[in-house]
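Participant: I grabbed these lines from TrEMBL:
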- 1-114: region 'Disordered' (REGION)
- 8-19: compositional bias 'Pro residues' (COMPBIAS)
- 81-100: compositional bias 'Polar residues' (COMPBIAS)
- 146-327: region 'Disordered' (REGION)
- 164-174: compositional bias 'Polar residues' (COMPBIAS)
- 199-214: compositional bias 'Polar residues' (COMPBIAS)
- 242-251: compositional bias 'Polar residues' (COMPBIAS)
- 417-455: domain 'Zinc finger Sec23/Sec24-type' (DOMAIN)
- 494-738: domain 'Sec23/Sec24 trunk' (DOMAIN)
- 743-826: domain 'Sec23/Sec24 beta-sandwich' (DOMAIN)
- 839-938: domain 'Sec23/Sec24 helical' (DOMAIN)
- 957-1030: domain 'Gelsolin-like' (DOMAIN)
Amino acid sequence: MNVNQSAPPVPPFGQPQPIYPGYHQSGYGGQPGSTAPPTPYGAYNGPVPGYQQTPPQGMSRAPPSSGAPASTTQAPCAQPTYGQFGQGDVQNGPSSTVQMQRLPGSQPFGSPLAPVVSQPAVLQPYGPPPTSAQVTTQLAGMQISGAVAPAPPTSGLGYGPPTSLASASGSFPNSGLYGSYPQGQAPPIGQAQGYLGVQTPQRSAPSQASSFTPPASGGPRMPSVTGPLLPGQGFGGPPVSQPNHVSSPSPQALPPGTQMTGPPGPPPPMHSPQQPGYQLQQNGSFGPARGPQPNYGSPYPGAATFGSQPGPPQPLPPKRLDPDAIPSPIQVIEDDRNNRGTEPFVTGVRGQVPPLVTTNFLVKDQGNASPRYIRCTSYNIPCTSDMVPLAAVIKPLARLPPEEASPYVVDHGESGPLRCNRCKAYMCPFMQFIEGGRRFQCCFCSCINDVPPQYFQHLDHTGKRVDAYDRPELSLGSYEFLATVDYCKNNKFPSPPAFIFMIDVSYNAIRTGLVRLLCEELKSLLDFLPREGGAEESAIRVGFVTYNKVLHFYNVKSSLAQPQMMVVSDVADMFVPLLDGFLVNVNESRAVITSLLDQIPEMFADTRETETVFAPVIQAGMEALKAAECAGKLFLFHTSLPMAEAPGKLKNRDDRKLINTDKEKTLFQPQTGAYQTLAKECVAQGCCVDLFLFPNQYVDVATLSVVPQLTGGSVYKYACFQVENDQERFLSDLRRDVQKVVGFDAVMRVRTSTGIRAVDFFGAFYMSNTTDVELAGLDGDKTVTVEFKHDDRLNEESGALLQCALLYTSCAGQRRLRIHNLALNCCTQLADLYRNCETDTLINYMAKFAYRGVLSNPVKAVRDTLITQCAQILACYRKNCASPSSAGQLILPECMKLLPVYLNCVLKSDVLQPGAEVTTDDRAYVRQLVTSMDVAETNVFFYPRLLPLTKSPIESTTEPPAVRASEERLSNGDVYLLENGLNLFLWVGASVQQGVVQSLFSVSSFSQITSGLSVLPVLDNPLSKKVRDLIDSLRAQRSRYMKLIVVKQEDKLEMLFKHFLVEDKSLSGGASYVDFLCHMHKEIRQLLS
């Protein structure tokens, strides 16, 4: 294998700038850095070996500074300038005038360099801070085309976790949440991003990632940081574990009357005699002369000759990383939609990378399973090595859009489906028929099998069977077989499944109105139980149990006039007191069931019982299904920690002090092994558990979710449930959960062709051996993620094959086999691997790998593993596939250019880096939720969608184009929707037009909007209708109902909203995208050196 094979040269994003000694520039407007304790780099907790942790003796490090964003109006310094851009000013990513293609090349960009558009640069020097006299002299010289000298950049946040700074300074950039600014101090303008600061230009140049022209000769290399630094010299990577111990000069040093009037141009041109590289161009930048930039508005008169600089010559500081110059998820999603959303995706060709999950596309099955069923981390796998994790995210019962046909059902009669005698793989389009059609060679294990007489068919001149296109199993990637009795438990066909509703009637459940609401809803919901095809009514039977610390079973037999109640108080030895009349047909027993649902809220209206049991309830449901000899699902509605004396009793073990210690993993582990044992029994019976939790305090989700998790069920959580606020969300989730199609008593096996094998599985299921995934229930939202490893050399010609076979009982009680096949390419060149990867699927796998890792490892170790794994993937590309270039450049494969931003979102997530407000239960809940998410769900969960609502025309029916999830992209004159699949926020800027406020909220001003509102008023105007329709359409795309929260700018709820702006630094210490990209670059360089 030729590891030195290089990809065609691609223009780099830019070259590293030389570092100039002796240039000092301090920040203004921030608190003195000395008040903040020395803190390590928040997201990585510690120095990186080989990098200097503190500056050499006699040198001090100024806090990073962040320039003020361009503004043609004066920003009043007395109040926080939240979004300095008016409506229409902020443009997201590269201009849309250039169509960006998804190229197979690599995409280089220089870490310390901004793109063609000149941005203000900030140097973070070593050395003492300048005196106010020096600063005044510097400011006097900074004239831009005769404009008044702009205010110097304010000091921003350094590398420590912001939580430590909060106590020191009490203020964050652009946030009105943490108290007012200290007296006499202006708020920082612009969002400080740590190291290489970030500036949003008023108009982005219409340039794309891979189109920057490299200079004629290689630019100067970044100095490698090995010995002590020279005075005034900064280094190329992000500072790590650098204490912010340098105080900034006091704000009084600012010359009176200094205002920001012009746009931020580059600092004045300076010619330094020792400057290597290019001569100075007239626009103040080094490199080949450039013409005026299209689409970059020039708000100041005259050409861009920034005038000669009076005073002593000062060197040019290095350029800062511009957020528009780093890969934008929004741009990649948009390009994929434009390029691949119009044509159907035809699955006939082996190893095709499908469109992204964010693109709407149609699938035509021509021999490989649709990407809706299976997505892989790579569609071209190396013949020998596991360089990129090879995994498939499989969603066997995925729901298809109405335009696509469900898998055909094939009935082979009593002989059953045709299989390979040796490996037991099922007949599929890749099997090779030989000897005139009398035998076939297995594509998985190469065994030659006889074709049964009833299946025989002649071959055509190409060796294909003449009936290939008449048989789904010979022409399609996905299809179903009707299973014979041999595939059934105890060799007899199953009965239709049953649903048992088990309702907590303790004081908490009655007091909140939950029991009354649920009983009222069930009366109508029972008409919508899932049914097969065109069946008149559902075959599913139903039963009812209520409980507190004892259990009440109900006989609802159709012959009774009134329901009968039987109480089981011996919870230690659970049994079902009745068989006949417990599980009934809804239509036959409708009158009795309605009577029961009317009586339950009244019967327990005056209860004072606060204690509950939990394990015995599941035990009872399972025993009832066992007695009825059928599979089924338990719907449990539970409110509190089960502390009553009974099996599975739990104690409150919530302890936030364990966070960031080696014992943190215990918070994710179940308290007792009793629930694992119970889950194992449930799986054997085909008893799936869906749990609806309504906690007011800690309920130990980590333990209570064990049974739902291992039986293929779901957990829903409604903290501090109130009927008026939460009923819509709860009822919507309940309706969807009861109505969705489920496969019961399922077993799934994944077979592979020789050379790779399945080694690991992630998801909500149970495994009693190393190959069979056992699921008491499996619905259309659940995925099973499978990791593969090499166990032999693969062959480029034959490729690699996967076959997923799911044996399950349908809602009508029919035993079926669903088969999905996928063929992948194999390669000997790593460049082919990197050209055919799918980042969204890779992130799905890495998140699940990490979220399982926290059960047995310290969280910090899990985060470090993820960073190392990502750095190794990208370093391998740089070493083996990228064309030679300066070490100062970060070069990413085109298909993986979003890996750093998405990985940073995983690292900053509540499970791996919780903020102070995140509860232990929240973390356990999200951890089990992500475990069975599909690729589309993890994509929007980790990188939420932010949609501006007033930018697009009112009459437009399409979804407005998203913007990047960063505070810099918010304009205070606009309204935004943010969604991540679980949460939905409507953020209203403080300067939003009065007409917009009136149209959406029916109030006359911003101040009258109710913060925390969860329903928009139904108003008869185009904007209100458009926004409500958009909210409905977003909810329809997600598997759980997203409750709306209205957030006003600078309101206390805004902190919750900002948590989802994932490109920014997080309050829990997570790095911003820019910082993390720099850190990733440094990790890669370290690996390569």
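Glycine residues also receive a Cβ, built from the backbone N, Cα and C atoms like all the rest.
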Participant: Which range out of 417-455, 839-938, 957-1030 gives the domain 'Sec23/Sec24 beta-sandwich' (743-826) the most CB pairs under 8 Å?
Facilitator: 417-455
Participant: Quickly jot the same-chain residues contacting the domain 'Zinc finger Sec23/Sec24-type' (417-455) by Cβ under 8 Å, restricted to those at least six beyond its ends, or write none.
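Facilitator: Result: 367, 410, 463-465, 468, 473-477, 481, 483, 751-754, 801, 803, 805, 817, 819, 821, 823.
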Participant: Please compute the mean pLDDT of the model over the domain 'Zinc finger Sec23/Sec24-type' (417-455).
Facilitator: 96
Participant: Over the span of the domain 'Zinc finger Sec23/Sec24-type' (417-455), count residues by DSSP class, listing helix, strand and coil in order.
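Facilitator: Per-class counts: 6 helix, 11 strand, 22 coil.
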